[in-house]
Amino acid sequence: ICIVTFNYTFMYILPQLVRPTSAPPHCLSGLSALCPTTRQPLFLRYCYSISAFSCPPTPQVRRGQRTVQTETKYIELMVVNDHDLVRSRRHTLLIVILNTRIVLVAMETWSSQNMVSVGNDPLLTLRDFMKYRKESIKELSDATHLFSGRTFQSSRSGTAYIGGICSLTRGGGVNEYGNVGPMAITLCQSLGQNIGMMWNKERPTAGDCRCPDPWLGCIMEDTGYYLPRKFSRCSVDEYLRFLQQGGGSCLFNKPSKLLDSPECGNGFVEVGEECDCGSHVECARSGGACCKKCTLTHDAMCSTGLCCRGCRYELRGVTCREVTNDCDVPETCPGDSSQCPHNVHKLDGYMCEGRCFGGRCKTRDGQCRGLWGHNSADRFCYEKLNSEGTEKGNCGRDASGQGWVQCNKQDVLCGFLLCTNMSAKPRFGDLQGDLTSLTIYHQNRYLDCRGGHAVLEDGSDLGYVEDGTPCGPNMMCLDRRCLPVPTFNLSTCPGSSICSHHGTCSNEVRCICDTDYTGKDCSVYDPIPDPTPPEGPEKYKGPSGTNIIIGSIAGAILLAAIVLGGTGWGFKNIRRGRYDPAQQAMV
């Protein structure tokens, strides 16, 4: 990790430093040095874990496809500063270069008054803030986080929606403003929640989350360690599972809008540049032969990118990103660009084992296995229990928040999730109340009907059937109701038939054509020959550097170093489209 700070005049980069062997990793104050890449002075003003930090490795250019684990990803972050923060902190700037590529794309400051009620309860504040984001914030980002000068009445300094990244209504969090290091860790934890991580204490056995760092602990541990810098194995697994199940499909796209000024050498192609392979060290690793001082060398078409090989574009049709699940689509090189196309997935409504919804295949069996480890219960369990309207079976809370709603007969498969042979604790969340456990004799056999309210810190109850789950022929769940698919007002792609039967309709409402077909509706047969790559340098507008000026929030992103073995993380917003399966031939 290279941590970069501004004092209005100079930029300081903190590279890898060696601490005395007798000192714990959080004691390095008073050291000074020169950054090996910029030769600029370094000053360590705080005492926290710097010793193990190193500049992020530049991803090596590889031929063809990459996995979700190896491809660099980008977080487009928007920060909102509340009025309490503005009154207390006015003169601090901080930027960060991280392997995680956290990029500030927008900032809003409530200088005169708060635009939402910022109270002592962080969860209520989060809900109000996300509503404000949806209704009032026009800037696009993958996650929008509020920094507040208020101290929340909570054991933690912030909260965020788990798995909410890329969602307009759930992609965000609220955080207390404080000292640089702790505030950055709070942001790191909140972003970790956004990409599917849980607090480590919520795992069934402590051994699953044993932290490899005895000095500083791990980021998602609930133990009060001071400035941890690593994630436990289970946090990494949760993140990868989140990706492989179709979550965070927007993570793989480079941002197109940043807040900071263009700069040659930051690794992003900006206005006036033909290429940018990064610092001298990074260019020496990859791309330097194709790019000199942000200008392409003679006959070079590109310098970096999943579709760039040997300074030339990969041929059209070369797979640059494989599918992660049945609701994903592969991306292939276009033949005239070094960049792999946006990571997209099938539109909502496509058939899989169940139905595709938000890039994931939704089934009751899959949800039961993921949460409790066993399959869904028999349909009769849903009909019997969810129609009663009790804690053991219902379609949610009533308006008062004290009672339970009875499911209508047609909605029973969209209410309380009922499974078989459940363990005592859910794999995620905290068990709230008692487990439902009932054995029913029906049609000459015994049925095992079990369920439980598994509540996450953000208030979400995983104990209900997820939206998008099939509940009948051409029917899907939405808000605990079973609705005909046509009532979802699903969008369609061009063509008299969906993509002319030669492609897949994506969540961008755009056809992803099969090999040898092209056109907006995939109606043009265009077999791929073995052509000479097109001549001329690639001139595309890319994002600016990861230098992120974070105005009044001082060190908010300082240690938000979500570094997992050299894998960059990040996010890019993709507009969700939906698909009308009624127009799909196989439905």
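Cβ atoms are placed via backbone N, Cα and C, with glycine included.
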From the disulfide entries in TrEMBL, identify which of C499, C522 pairs with C513.
C522
Choosing among C294, C302, C340, which residue does TrEMBL name as bonded to C320 by a disulfide?
C340
Including all protein chains displayed, how many Cβ atoms other than that of C340 (disulfide bond) lie within 10 Å of its Cβ?
25
Do me a favour and check the Cα-Cα span between C340 (disulfide bond) and C522 (disulfide bond); whole Å is fine.
19
Taking the Cβ of each of the disulfide-bonded residues and counting other Cβ atoms inside 10 Å, which one has the highest number: C320, C513, C522?
C522
Would you mind reading off the Cα separation of C513 (disulfide bond) from C320 (disulfide bond), to the nearest angstrom?
15
